[in-house]
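These features come from TrEMBL:
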ACT_SITE  His38  active site, proton donor
BINDING   31-38, 149-152, 186-189  ATP binding site
BINDING   Gln62, Gln155  (R)-pantoate binding site
BINDING   Gln62  beta-alanine binding site
Amino acid sequence: MKTLLIQTTKELINYRNSLPNDSIVGLVPTMGALHNGHKSLIEHSRKTDSHTIVSVFVNPTQFGQNEDFSKYPRNIDKDFKLCEESGVAVVFAPSANEMYLKNDEITLRAPKNMGYIYEGFIREGHFDGVLSIVLKLLHLSLPHHAYFGQKDAQQLLIVKRLVQDTFLPTKIIPCPTQRDPDGLAMSSRNIYLSDLQRKEALKIPAGLSRIAKAIKEGETKTSILIELAKIELTNLDVQYLDICDYNLNSITHIQKDSSIALIAAKVGQTRLLDNLWI
Ligand code: PAF
């Protein structure tokens, strides 16, 4: 199958309507600068779906005023090639004007609690922007499945709520975080790190490993788990470190299969996120 490059919403709707009724469609929403983490989302879809659509769109509404929207890495030729090699049916790479038609348009608000703590507290309005674009992408591609990385845990949980609260028929499929051999979670922003900063950044997975080890040894108290992680995180600009449930409420004791340890830290100017699904 030859990979199509589609740049307008109209063409994507026509493409979706042209697919046979028994097609199974998977959507992998991305902001481009594709790496092996994205590749693994695509591979999950390729195993399940007859047609994989990858969207490549650096969504302006999820960036704050002082964030890296203008310098966010963009390389559509490289992204297209990776998609082609991975058997993707469509790369949807629209312009901002294509996705946002009017200045004064209907907007979505993320849930008050889930959307405005952790990432949502530091990046106010971030999840409103994420939800607005994800809803549009789901409507345009009408996928059976949409694939989201567990690395962006808060995003994944909020998108699940979007689908649940608006009765969308798409199933959201969580995919495990991909790591480089040194343990750093893959992220498009890792390219901003110098060698020295990358070394500093490795304190983040080391902190999470401490938590995982202590849990394995029977520890359940979150205050103790957090103190253990802090031993690894010395001298790092940690923005938050917490253990919460799937509604993103802080908890005092972990519960298997319903808790997450979340970390965000700044290394130089680069914000890095990582987490441990417990
Ligand atoms: O995770 C991302 O890359 C973005 O937040 C998403 C889901 C593509 C929405 O712009």
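Placed from the backbone N, Cα and C atoms, the Cβ positions cover glycine too.
Note that this is a predicted model, so its numbers are computed, not measured.
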Mind telling me which of the recorded positions His35, His38, Lys151 has the densest Cβ neighbourhood, counting other Cβ atoms within 10 Å? His38
Spatially, and counting Cα to Cα, which of the recorded positions is closest to Ser188 (ATP binding site)? Options: His38, Gln62, Gln155. His38
Using a 10 Å cut-off, grab the number of neighbouring Cβ atoms around the Cβ of Gln62 ((R)-pantoate binding site), all chains included. 21
Fewest neighbouring Cβ atoms within 10 Å among the binding-site residues Gln155, Ser188 goes to Ser188
Sorting the binding-site residues Met31, Ala33, Met186 by sequence and keeping only those with a Cβ under 6 Å from ligand 1 gives Met31
Counting every protein chain shown, other Cβ atoms within 10 Å of the Cβ of Ala33 (ATP binding site) number 20
For Gln155 ((R)-pantoate binding site), which of these recorded positions sit within 10 Å, Cα to Cα: Ala33, His35, His38, Gly149, Met186? Gly149
